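What TrEMBL records for this protein:
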type     : residues                                                                                       : note
BINDING  : Asp30, Lys35, Thr86, Thr121, Glu158, Lys269, Arg334                                            : NAD(+) binding site
BINDING  : Phe155, Leu156, Lys157, Glu158, Lys210, Phe255, Leu256, Tyr257, Ala258, Gly259, Gly263, Lys327 : substrate binding site
ACT_SITE : Cys266                                                                                         : active site, nucleophile
DOMAIN   : 320-424                                                                                        : domain 'UDP-glucose/GDP-mannose dehydrogenase C-terminal'
Amino acid sequence: MKITVIGTGYVGLVTGTCLAEMGNHVMCLDVDEKKIRILEEGGIPIHEPGLLEMVTRNRAAGRLQFTTDVIKAVNHGTLQFIGVGTPPDEDGSADLQYVLAAARNVGKHMTDYKVVINKSTVPVGTGDKVRAAVAEELKKRGSDVEFAVVSNPEFLKEGAAVEDFMRPDRIVVGGDDERAILLMRALYSPFIRNHDRLLVMDIKSAEFTKYAANSMLATRISFMNELALLSEKVGADIELVRKGIGSDPRIGYHFLYAGAGYGGSCFPKDVKALVKTASQNGVELQVLQAVEAANERQKHVLVDKVVARFGEDLTGRTFAIWGLAFKPNTDDMREAPSRVIIGELVRRGAKLRAYDPVAMPEAQRVMSDVKNLTFVDGQAQALEGADALVVITEWKEFKSPDFDLIKSSLKQPVVIDGRNLYDPQLMSTLGIEYTGIGRSAKPKS
Ligand code: UDX
């Protein structure tokens, strides 16, 4: 099939590339010439495992093209995917200007039937706005060409986006145009092993589903983070509690890890946006408001632990920081807890030596104004002469580190672990002073 994807960020680029992989002819459009140049020169503007290889293969096969030419792009695909950003406005609601600009472009230039598909995460009701934007442009030029609007939210995890797209749990398609739904079924048939995985519903329910999924996951995390705070006080171990409840199939093991708080481009933004949509509709989402507040508090938990150990004034102290990205396997620094933690430590006078396997260039870019923060080339360099190690992101390479080196490099062997990577009992055996999130001093397994 012929497909246009508007926006070459995480969502757009992964969508376009994976659809090309299945033999479709895909044209990706972006207004950002820099991004298109990188792609045309054989690179990709983001870090995503497996994506570069797939882009290269499909470009070579002539199935994947990149352009900044709006007219060419609109003419190319019967299916027009919108995968542009929806950043939060100051009041927390999603900013739809890029989505609606994309829709208007389709309306301005289309000459035959198009399906306009929203992949961006958009508030309930955006489908109607997209339809109105396309219709208005058609009316301006007296055109009666037909089109349909579909909502097809993505459920991609950064770091596993290619795998998630190629082997989806479910595909949600919202729409009421029969032809468009049949085209969507045909498009996704190679991705679906079990036909129940394609869920057709109305546009509003599809839009809502995306927010509901992310809000539920964020709720699980904040709930566990709160229980972790209490675990520490009463002498229980949240890791054991996690296993104890996860084994109930109604609860399940996923997304129950207490940590330094959730971040990224989706959870914080989507939770805020759903709370906002609710209040605009006269409903107060009390649980979700608390989820957000609990997460803000959680980003300070590691700082509280440092202060509890070293005092409020950190002047003259140096800390090793392992991990900057909001989670492993990405260089994404959006809403990363590390930004809050680093800001708070530096504000109290600390010097920091930070290392991340992938996110350092991005971290340097977003924290260029932070003083007393040095980026170093490896785990070992970060440790040199520091007062303690603070682990913020659960990269695999941090899970089984050289404990002897940690001991010999730090001024005193203190490890403050924001992702519960290490066994407290092992640390105590090794003579390392250790504090995790919600771990008891005396672990029971
Ligand atoms: C999320 C959703 O998972 C995905 O379906 C949606 O399409 C986009 O948003 P992503 O933002 O890539 O994906 O990250 P995810 O892996 O879900 O993690 C989000 C945050 O939660 C990270 O900061 C992570 O460290 C944190 N987290 C996750 C926890 O603190 N504990 C957990 O148990 C799981």
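Using N, Cα and C of the backbone, Cβ positions are placed for all residues, glycine too.
Features as recorded by TrEMBL, highlighted on the structure.
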residue: Asp30; record: NAD(+) binding site; Cβ within 10 Å: 23
residue: Lys35; record: NAD(+) binding site; Cβ within 10 Å: 22
residue: Thr86; record: NAD(+) binding site; Cβ within 10 Å: 24
residue: Thr121; record: NAD(+) binding site; Cβ within 10 Å: 22
residue: Phe155; record: substrate binding site; Cβ within 10 Å: 17
residue: Lys210; record: substrate binding site; Cβ within 10 Å: 26
residue: Ala258; record: substrate binding site; Cβ within 10 Å: 28
residue: Gly263; record: substrate binding site; Cβ within 10 Å: 24
residue: Lys269; record: NAD(+) binding site; Cβ within 10 Å: 20
residue: Arg334; record: NAD(+) binding site; Cβ within 10 Å: 18
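With a cut-off of 6 Å between Cβ and the nearest atom of ligand 1, the recorded positions Lys35, Phe155, Glu158, Gly263, Cys266 reduce to Phe155, Glu158, Gly263, Cys266. Summarising the environment of the residue listed as 'active site, nucleophile', the number of other Cβ atoms within 10 Å of its Cβ, over all protein chains shown, is 25. Ranked by CA distance from Asp30 (NAD(+) binding site), the recorded positions Lys210, Ala258, Gly263, Cys266 have Cys266 at the top as the closest. The CA atom of Lys210 (substrate binding site) is located 12 Å away from the CA atom of Lys269 (NAD(+) binding site).
Among the binding-site residues Phe155, Lys157, Ala258, Gly263, the ones whose Cα is located within 10 Å of the Cα of Lys269 (NAD(+) binding site) are Gly263. Between Lys157 (substrate binding site) and Cys266 (active site, nucleophile), the C-alpha separation comes to 9 Å. Summarised by DSSP class, the composition of the domain 'UDP-glucose/GDP-mannose dehydrogenase C-terminal' (320-424) is 34 helix, 19 strand, 52 coil.
Residue density at Glu158 (NAD(+) binding site): 24 other Cβ atoms are found within 10 A of its Cβ, drawing on all protein chains shown.
Cβ neighbour counts within 10 Å, taken over all protein chains shown, single out Leu256 as the most crowded of the binding-site residues Lys157, Leu256.
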